[in-house]
Amino acid sequence: MESSSLPLHLCRPQKLSAIINRLYFLLYIIALLAHFHYTTCSFLQTTPPSKFHILVFASELLLSLLWLFHQAYLWRPVSRNVFPERLPDNKLLPSIDVFICTADPKKEPPLEVMNTVLSAMALDYPPDKLHVYLSDDASSSVTLQALREACSFSRSWLPFCSKFGIKSRCPKAYFSNLDNDHNNGFADQSLEYDEEREKIKRKYKLFEESIKRAEESAVIKETDCKRAQHNPSIVEVINDADEGTDPQVQTPLLMYVSREKTPFHPHHFKAGALNVLLRVSSIISNSPYILALDCDMYCNDPTSARQAMCFHLDTKISPSLAFVQFPQKFHTVTKSDIYDSHLRTTFMIRCPGMDGLQGPMLSGTGFYMKREALYGNVSQKDLLHLKQSFGTSNEFIVSLQLSNQHNIIDGRTLSKSLQQEAQFLASCTYEEDTPWGKQIGFLYNSMVEDYFTGFLLHCKGWNSVLCNPSRPAFLGTATTKLNDTLVQGTRWNCGLLEVTLSKFCPPIYGLSRMSVLQTMCYGYYALQPLFSLPLWCLATVPQICLLNGIPIYPKVSSSWFLIFASVFVFSLLKHLEEVLITGGSVQTWWNEQRFWMIKSITAYTYGILDTIRKHCGTRQPSFLLTDKVADDEQMRLYQMGKFNFQMSANLLTPLVTVVILNMISFAGGIARMVIQGSWDEMFGQVFLSFYILLVNYPVIDGMTSRKDKARIPPSVALLSLVLSIVFLSLCSMALRFEL
C-alpha cells in the first residue's frame, strides 16, 4: 500500500474509560436522587424548615448541577495517534506563521522570550515556510535588541540542531539537559558533535551576556514611563538579506511588531496583540496556519508542526477543522505539584472527553489555528462589505482572497509602501467601527479570549482536535508562588463569569448551535466560579449548627446516613481513579483536593466579586501579567512542597478565617459529643470540620509551627480569629432570636 493512501492519524475511543465513567454516573445519580428524596421528605415533615437546612440543600443542588455538567467530559473520551512520516514532501507542506506575545520585560525577561523565539525558529519544518512574529506590547528597545541578537545566534544554532538531530531546540533547555539530547544516529560522529557542542555553547554564553548588557544599560525603566505615553507602531524585518551572512544557512523570517498604543484607546490585552499580528502577517507572509505561543512556552518537540499538519491536511476532517490544540505542560513543576500546575484534570480528563465530541477548547497557547477560521467566510462578500468588516486596508483586503502569497521582495526587505501599510494595520484606531475582536479574529469580549474564541468557533460549526504526544510539544514556566496562581485564577474566573452573564452564556447561546454534551462542557467552565458559593456554605453553616446543637445530617445509626456518605465517598473515589489512570499518585490526588478547596474560597470568590464590581462600574478591566522571575527562596520553598503565604491579605484572610472557624467548631463539636453524648446526631458535622482541617493542614502549619518569611503573618491570623469569633457570635445571636 502506498504511503499516500495511509491515514495521517488515528482516533481511538477509550472504551474502558467510557464504561467506567457511565457506571459511575449511574451509581452516583441513584445515590444523589435518594439523598434529595430524604432531604425533601425531611422538609415536608418540618414546618417551616430551618433556614440553615435550606442553605445547605441549595448548596448541594448547585454542586449537583456542576457535577452533572462535568459528566459531559467523561461520556466519550478519545485518544489520537499521528504519523508525520506519511506527510507529503516539504515543498507540498503549507506555510505557518508563529505568533509570540510579550508585554513586560521586567516580568517576562528578554532572554527567556528569545529562547522561545529560537525554539520556534528551529522547528523541524521547511525554513522558507516558517515565519516568526514577535509582538512587543512594551515597545522595549531591550526586547528589539535581544531579537536582533537572537537572529544572529540562530544562524549558528539552527544548522547545529538540524545537523545533529537535536530534540530540545530551546538553547537554555538544551544546555541544561544532562542527557546530551541528540540523535543516536550520529553516535559515530561523537567527536565532531562534542566539538560543535562546545563551540555553540560558547556562542550561547556570548548571546546571554549581550542581552544582559542591554538590560543593564537600559535598566528596563522604559516600560513604566511608556505606559503613560503614545507608542507608535513599529514593524521591522529582523533577518535582512544584506547582512553578509552565509547564503546557504536558511532561517525562517523573523519579524518584530510593536502595535500603536495610547492611553485613550483600549488595547484588549493579548487578544488585541494577536489581532494586530493576524493583520500584519496577512500582508507579509499570509500563511494559512498560525501557531500561537506564550513568550515562556518554548517548543520542546521540533516535530509539533508536522504533527499538527497530520490533522490539517487530512481531507476528511480538514474542511471543518479550526485548530489543533496541544496540552499546556510545564518544566518547572515539582513532583509534589502543590499548586496543581500540571492542570492534569483539564488536559488529561476534560480535553480528551471534549475531543470525542466536537473538540477541545482553545487554550491560549500551543495551538495551530487555520487562518480562515478566524476570518469567517469572505468569499460571498463584496468589496464594500469586506472593508466594513476588515477595515480599509486595500493590501489586507487583497490578502483575504489569497493564501500563502508572500509580499516580501528583494530577499527579505519590505518595500516602503508595504512598511507603511503594516504600521497602519498595527495602529490603535484601525479596528474602530469594525467587527474586529467581536466577530472576527481573536475575541476580546472578556478576559478569557481563548475560551471565548474557541466557544464561538464551535458555535459556528468548526471542530478542533487534541494532539497529546508522549514528548510534550511545548513546555512553559509554571507559577511557583501561591499569590501568582490565585491572582491568575481570579482573572480567569472573572472572565468566565463575564461570558456567563453576557448574551453568549454557553448553556443558553450554545444549546441551539452545538450538541448538548459540548454545550455542557462549555457550561461547566462558565459556571465554575459558582463553586465558591456552596463551598462557603458547607464550610460555615454546618459548623454554626454544630456549635449550637442543630443536626444537619441523618444520624449515623440511620440507614440514610449511608446514602449521604456514599455521595461523598463516590466523589473522592472517582477523582482518585482519574488521578491514578493518568499517572498520578495518592499524594497528587490529595494535593488536588486541597488546591481545589483553596481556589474555591479565594480565586473563585474574588472572580465573582470582581465581575459584580465591573458590572456596577466600580472596577476597570485590568490584566496582571504572571511574573516569570522567581527568586531563590521562592523556588526553594516550592521544591520542598511548602506553601508560600507571602501574598495579598485580601486573598489570605478568607482562607485563614475558614480554617479557624472550622478549628473552633471541631473543638466545640468534640466537646459536645463527649459531654452530651450526641455523637450519633453530630458525627457528620464533626467529620466535615475534621476533613476541612485535614485538607488545609498547610494553612494550620503556616499559622502555628512555621517561622520562615513565607509563613502566615500573625496579623492575618489574628484578624481571621477575630472575624471568626464575631461571625459565630452574630450567628448564635440570630439563632437565639429566631428561636
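Using N, Cα and C of the backbone, Cβ positions are placed for all residues, glycine too.
Looking up the ranges 275-296, 517-538, 649-670 in TrEMBL, the one annotated as transmembrane segment turns out to be 649-670. Beyond the ends of the transmembrane segment (712-735), by six or more residues, the same chain brings 540, 544, 547-548, 550, 645, 649, 652-653, 656-657, 659-661, 664, 699, 702-703, 706 to within a C-beta distance below 8 angstroms of the stretch. Around Asp450 (active site), the C-beta neighbours below 8 angstroms that are at least 6 residues distant in the chain are Met361, Leu362, Ser363, Gly364.
Taking Lys107, Glu108, Asp137 as the binding-site residues under consideration, the smallest Cα distance to Asp294 (Mn(2+) binding site) is found for Glu108. Separating the Cα atoms of Asp137 (UDP-alpha-D-glucose binding site) and Lys270 (Mn(2+) binding site) is a whole-number distance of 9 Å. Cβ-based neighbour count (10 Å, all protein chains) for Asp137 (UDP-alpha-D-glucose binding site) stands at 25. When each of the binding-site residues Lys107, Lys270 is scored by how many other Cβ atoms sit within 10 Å of its Cβ, Lys107 comes out lowest.
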